[in-house]
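So that you can see what the record holds, here are the features copied from Swiss-Prot:
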type: DOMAIN; residues: 187-271; note: domain 'RCK C-terminal 1'
type: DOMAIN; residues: 273-354; note: domain 'RCK C-terminal 2'
type: TRANSMEM; residues: 4-23; note: transmembrane segment
type: TRANSMEM; residues: 30-47; note: transmembrane segment
type: TRANSMEM; residues: 57-79; note: transmembrane segment
type: TRANSMEM; residues: 91-113; note: transmembrane segment
type: TRANSMEM; residues: 156-178; note: transmembrane segment
type: TRANSMEM; residues: 362-384; note: transmembrane segment
type: TRANSMEM; residues: 389-411; note: transmembrane segment
type: TRANSMEM; residues: 424-446; note: transmembrane segment
type: TRANSMEM; residues: 456-478; note: transmembrane segment
type: TRANSMEM; residues: 516-538; note: transmembrane segment
Amino acid sequence: MDIFVANPLLALFVIMAVGLAIGQVKIRGFSLGVAAVLFAGVGFAAVEPDIHIPHLVYILGLSIFVYSIGLESGHAFFALFKSQGVKQNALAITALALITGISIALFSLIHLNGVTAAGLFTGAVTNTPAMAAVVDSLPSIFGDANKVHEVESLPLVAYSLAYPIGVLGVIAAIGLCAKWFRIDHVQEAHDAGVAVEDLFTRQIKVNHVVTGSDLVIDIHHTLGLEIIVSRIERDGQQTLPTASSRIHMGDVLSVVGTAEELDKAAHVLGDLLPGDPFHGHDLDYRRIFVSNQDLVGIPLAKLRPRLSGILITRVRRGDHDHVATPETVLQLGDRVRVVAAHDRMKSVTALFGDSYRRLSDFNLFPLVAGLALGLLVGMIEVPLPGGAALSLGSAGGPLVVALVLGAVGRSGRFVWQVPYGANLALRQLGITLFLAAIGTTAGASFRASLSDPASLTIIAVGAIITLTLAIFVLVVGYKVMKIPYGQTAGMLAGIQTHPAVLSYVSAMTKNDLPALGYTSVYPLAMIAKIIAAQVVLFALT
């Protein structure tokens, strides 16, 4: 182990590699995933306590991790507030406030010191940024550097002991409650309109008078369906719909949507026609990769003048296709299905970019500038009685700034978003760096705790906190607030801010309801837990 003591950088990457390898091991369908890196770091440092990874590494990793999450979630987070977001976040904040109060009462009952209690709390709610905020707050409480060094391993040890039950307990609660409530995930997704279905293009002949707006671009609002008209055939000539195009009797519309939505549209408009919508016509379609920064971060409705003679019908982001609407905002790395004349396809392709190489050369300035701004926001302190100070820290600051910038999308020439693939890579790298570095600070103390009977008390109290939070959210969300169970379970995963729980729920439901719930509460839950952990620390220290 001497080689790792003398070479911290080597130790860092070996810990990361070992942890990621262990994280891929599945036992009955469950794996620790990237969280295994934390335990790898603890294990290495338990064997050789002199292994030290520089403090800056975990700060850097944590900041990158939360910033990339905020950028990806920002637009959806603020959009959801216009519909269900307020109700869902009210449940999340109520649950976290309740569990914070219960935790403080439990910790006081067993006479647990504030530093260990705060670490236990962050492990029970599985939030590493909150644990980092606790460590960051220690100097404002103890002042003396030697005292800080003496106690800084305590929250990490308590976190490590409570963390496994924090994950497994929530997963068990979700699975058991699903059986208890007899949830039909297929029917639930269908009722909520989020069943994962393929998109098709079909021809519909207009034989009925359209009630409401007869503008083609308004058809999804007029009919209340997630569809888009990609072409209009009139008197044997096919054209692309424009902002002023209207639906006439006898028109043949090429419509994109799910099979069910297309059947509903045909019932209202007229008759569904057989055949290939593209056969024998001058219009063509193609999937094109978005790498032109000038087109991202702007709703399609505002891009329409630049897209004259072009129609975007579908947007594929990650592994899912979405019907393009006027409100859709493109991101770098999206794959769009466009319809245009044959002879324009070359220029259309050039307009969108269609270049993986160009995408890899994205401007780093907005990324580092946003991170710098986030760290500055995280440094803002709110004084508390007794001389302590509350702050968002290196996790909360970047997250708040990223949420705002992710919702804004772009400022003039600067595109705040990063390509989807790059975002996922940054997120994975950031959390891996953080967990590897933070794990090594607790090794010696963790080894000693394994032979300490008090560790069982920490694990038991952590389990009580985890299960109380899980059952409260599932019962109140599903039974009282009538939120679909899959979405409620996704909200619980978001409140726990743990991707492993989301993966489990998504695999169980096989639809997008968990992702909707997760995205709606994750950012606010992250910030709330960063603050709650410090409240526990200050209340009991």
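Here, residue 1 is simply the first one shown, and the rest follow in order.
Cβ coordinates come from backbone N, Cα and C, glycine included.
Against the transmembrane segment (516-538), stretch 389-411 shows more Cβ pairs under 8 Å than any other of 57-79, 156-178, 362-384, 389-411. Within its own chain, the transmembrane segment (156-178) is flanked in space by residues 30, 32, 35, 38-39, 42, 116-120, 122-126, 128, 131, 135, 438-439, 441-442, 445-446, 449, 455, 458-459, 461-463, 465-467, 469-471, 474-475, 478, 485, 489, 492-493, 496, 498, 500-501, 504-505, 508, which lie at least six positions past its ends and keep a Cβ under 8 Å from the stretch. Of the two recorded stretches, the transmembrane segment (57-79) does not lie close to the transmembrane segment (456-478), with fewer than three CB pairs under 8 Å once pairs fewer than 6 apart in sequence are set aside.
Each residue in the domain 'RCK C-terminal 1' (187-271) gets a DSSP state, and the totals come to 25 helix, 27 strand, 33 coil. Sequence-distant contacts of the transmembrane segment (389-411) (same chain, six or more residues past either end, CB-CB distance under 8 Å): 59, 62-63, 66-75, 77-78, 129-130, 132-133, 136-137, 140, 296-298, 329, 366, 370-371, 373-383, 417, 523, 526-527, 530-531, 534-535, 538. Most Cβ pairs under 8 Å with the transmembrane segment (91-113) belong to 456-478, among the candidate stretches 4-23, 362-384, 456-478. Residues 63-64, 67, 71, 140, 293, 332, 390-402, 405, 414-416, 418-419, 422, 538 of the same chain lie 6 or more positions beyond the ends of the transmembrane segment (362-384) yet place their CB under 8 Å from a CB of it.
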